[in-house]
Amino acid sequence: MKTNQLTFLKWLKMLGSSKTGSLGAIIILTVTFTASFASFIAPHDVYEVNLNAASLPPSWMDGGESQYVLGTDRLGRDLFSRVIYGSQISLLVGISAVIVAGVIGVPIGLISGYYGGFIDSFFMRIVDANIAIPVILIALFVLGFLNPNLIMFILVVGVATWYTYARVVRSEVLSLKEREFIKAARVTGVRNSVILIRHLLPNVTSSVIVVSTLSVATTIIIESSLSFLGLGPKAITWGALLSDGRDYLATSWWIATFPGIAITITVLGIILLGDWLRDVLDPHSHV
Amino acid sequence: MPLNKDALLQVKGVKKYFDVSEGIFTTKKKYLKAVDNVNFSLKQGEILGIVGESGCGKSTLGNLIMQLENPTEGEIIFDGIELSKLSAKELRRKRKDIQMIFQDPYSSLNPRMKVFDIVAEPLRTHKLASGTDLKKQVYDMLEIVGLNNKYANRYPHEFSGGQRQRIGIARALTLKPKLIVCDEPVSALDVSIQAQILNLLLKLQKEFQLTLIFIAHGIPAVKYISNRIAVMYLGKIVEIADKEQLLSNPKHPYTESLLYSVPVSHPKLRSNHEQSKLTGEMPSPVDPPPGCRFHTRCPYADEKCMEETPDLIETQDKEHYVACHYPLYRERVSNSDSVQAILD
């Protein structure tokens, strides 16, 4: 296992040499850590209602109480604890939905771009149809009829957003397949499936990473919109907290602001880390 | 021209037309005749140069031989087997014997694969070696093409154009193919590197008894390496002969003008072959001119050339085939004034 250790150290060293990459990694590690140990970190029970302490501002403001660092919502529940717990589902949903979308979209993009012709038209017409229907509408329809649990939610968002990957990968493959190294592989007698996996897939990873990191952000937003409509994953999520606070923006701005900040920081961290990952996976970057 | 039965490769009446019809409602089909009735055969160990301007169909011919494209008509017989009749699986197996070297060393190597994996891929694909045996074969091959073993774990972008082309050659050679199609293998390289690569190819040809098809757009590259040269114009072979024969005694006006399009360095050696210099553009292969396709640019053309298509026939010199109604003779070539006089 010595080689494994070596490569891990090499990666760590490469991460250290990139400032933005390290920042992204630190943010993501912190958020993951918080999500994993939420029950130890959170100072209050997230469901504990205390009407005497309803709508308290953050502790550093006039009228704030030191035990409620980020203030409370209209039922007097501790916002800080709720934001900490919210990271669990938000992160899980954001990342899993992106994986589901990628697992569907990338192979379809590869096949569609490489084979062309009827197969390509077939998949691209499905993509066109998919774009024409808003994600929210698909989610409303499916989740409205079926039991809106967490897994169902992840699947629906993944299935509704796969087309971004398919389109990006397809357009990339269209130009790659005209390169001579693909011709060389065909001339050698390499099977099409192997060409797709060994020659095309590694060359589209950078675009896929860029799309995925941006998609995590979109997914968290979709999750918040659906939570607002009452079709969310029925749990404490940043999106749900955000929509809870929307009605009280004028009087208690903190209820919506802190989950919003949490989303922004997490998304930034994912984008920074993704950017670094894209650079590292490109053989041109390390000589 | 008659085809040699024992030849390694026989190309029989091969045509490749691309459908370029415009619009959905047009009933008249338009075709781009990239390769139009090409015949030749190739003996084991021979090096055939194919020369022609851009767009004459020489690369398409290469792709047809490689089975990257299917001919519209005609047969390509390799090693006694007609390639287009093979099933996909049999063809994949047969590909072991025919390999290709590409023009652009910057796009012919997968940027995400290490040199070792690039050179090893053909062996892995055909399951010919694995483990230490594979390693040894790949290292040997890198050495043969003049690359150090220690480069095996690097990525293609760390190499120069010439080195990349060597990697491409190593990849083509690992399977010990019988035939290699070289599609302008040196035209993307520096002049100083071109000679190195040509010498390497010649050395390897002797060492491995290779049969080569060497595609190029000018006589100079082909002159050095080939035994036999075929000249293509607008999808047809206009002249094919042994190298010395073709260079010293070109019979087709197009071959002549290709020869004279090479600048001569010594002023006293420059002759007044002004009228045989090529002028104008090559006509479109979508609507090739009737009769002899070269008549629009030919200094010797007359009415017959505009109406009748000349066949590729043997001249009084053996093994020298030309498709021209008025093949050139040495006297005509050497004395351009008398040529003018005959035409007048």
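Backbone N, Cα and C define each Cβ position, glycine as well.
Please treat TrEMBL annotations as automatic predictions, because they have not gone through curation.
TrEMBL has this to say about the protein:
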- A:21-42: transmembrane segment (TRANSMEM)
- A:87-274: domain 'ABC transmembrane type-1' (DOMAIN)
- A:89-110: transmembrane segment (TRANSMEM)
- A:122-144: transmembrane segment (TRANSMEM)
- A:150-169: transmembrane segment (TRANSMEM)
- A:208-231: transmembrane segment (TRANSMEM)
- A:251-273: transmembrane segment (TRANSMEM)
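Counting Cβ pairs closer than 8 Å to the transmembrane segment (A:89-110), the top stretch among A:21-42, A:122-144, A:150-169, A:251-273 is A:150-169.
Across A:21-42, A:122-144, A:251-273, stretch A:122-144 shows the highest tally of CB pairs under 8 A with the transmembrane segment (A:150-169). Distant neighbours of the transmembrane segment (A:251-273): 20-21, 23-28, 31, 55, 57-58, 70-71, 73-74, 79-80, 82-83, 86-87, 90-91, 94, 213-214, 216-217, 220-221, 224, 238-239, 241-242, 244-245; these residues of the same chain sit at least 6 beyond its ends, with a Cβ under 8 Å from one of its Cβ atoms.
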